[in-house]
Amino acid sequence: MSAVLVVHGGAWAIPDEMGPASVDGVKAAARHGASVLKSGGSALDAVEAAVRSLEDNPIFNAGHGATLNVDGEVELDAIIVDGRTLASGAVSCVTNIANPVSLARAVMEKTSHIMLTGKGANQFAESIGINTVPTDKLVTEYEKKEWEKHKKYIAGVMQEFNTKWAHDTVGAVAVDCAGNVACATSTGGIRNKMVGRVGDSPVIGCGGYADNSSGAVSCTGHGESILKVTLARLVLSHVEQGKSVADASQLSLQYMSDRVQGAGGTIVVAPSGQWAATFTTERMAWAAAVDGELWFGINPEERLKEKLSQ
Ligand code: GLY
């Protein structure tokens with residue numbers, strides 16, 4: 001079977017001036033992840049590589065470019081899940097890590113735990129030699145300005161989350177040639193969040209989930225809403241009941257909207273290679289590397305295509 005990789009750069013009302021860079025960023029990340037799959041890497045390797053690319057790109061709210069908490073500090077969350085074994089690793093509230101997704105993978109592979117938080121996660125990073133950066137290096141001028149503008153935390157219900165104020169999360173899902181699936185999600189969380197607030201992204205079954213028996217999902221959107229409906233698992237439970245990945249995503253996002261007035265987006269891939277990128281916000285930048293082609297979009301219903309090898 002052929003491998004598939006899908007990425008997103010966050011579901012929110014992306015302003016026009018950030019549109020082209022967001023689309024370029026997800027396309028570059030999808031190409032990077034696809035090249036890992038092409039050279040024989042696993043789905044797990046591919047989602048980590050794709051998310052690292054998104055974390056390194058300051059246009060996105062993850063790693064470099066992350067949103068700031070109420071004290072003006074970066075606190076990062078990330079998860080990675082291996083659909084072969086249901087193994088997962090996550091970190092929350094980490095401060096000076098450029099690529100939290102790789103630290104999450106280290107938690108999965110080098111500890112007997114699933115999630116490390118705050119100081120403990122940072123200490124673990126040091127102990128295994130994960131690259132650390134001064135936290136200031138992760139802060140962009142754009143985020144500093146937005147933080148100044150919106151000093152007050154706004155509860156991100158549907159109308160509020162789906163604004164140019166939001167700025168949300170990156171993620172990737174993949175299926176490799178062996179039919180193994182994986183997901184990864186990484187975020188700075190919600191701008192002006194309380195110190196110590198953890199959203200959906202690092203929580204298994206909420207910000208992401210992967211199981212070879214059904215598929216892999218990465219979520220984006222209002223974290224408290226995603227947590228309430230366990231969005232990633234909800235999507236896969238619809239898949240398990242026979243829905244296509246596109247219908248499963250739509251039903252789950254609609255449920256989140258109706259039940260808790262939350263907006264967001266998902267990317268999904270099934271072991272068969274079926275995939276979807278769906279959102280209930282104004283926009284979500286996404287890209288999918290499928291059968292030598294790169295699909296991408298940012299507006300509802302938009303599906304553009306170019307050759308992957310360009
Ligand atoms: N979806 C990311 C967050 O709410 O933290």
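These residue numbers are counts, starting from 1, taken along the chain as shown.
Each Cβ is built from the backbone N, Cα and C atoms, and glycine gets one as well.
For the recorded site, THR169 (active site, nucleophile), the DSSP three-state label reads coil. Listed in sequence order, HIS8, GLY10, ALA11, ASN61, ALA62, THR185, SER186, THR187, SER201, GLY207, CYS219, THR220, GLY221 are the same-chain residues six or more apart from THR169 (active site, nucleophile) with CB atoms under 8 A from its CB. What TrEMBL lists as active site, nucleophile is THR169.
TrEMBL lists ARG197, VAL198, GLY199, ASP200, THR220, GLY221, HIS222, GLY223 with the feature substrate binding site.
DSSP gives GLY199 (substrate binding site) a coil state; it is part of no helix or strand. In this structure, THR169, GLY199 are the recorded positions from THR169, ARG197, GLY199 whose C-beta falls under 6 Å of some atom of ligand 1.
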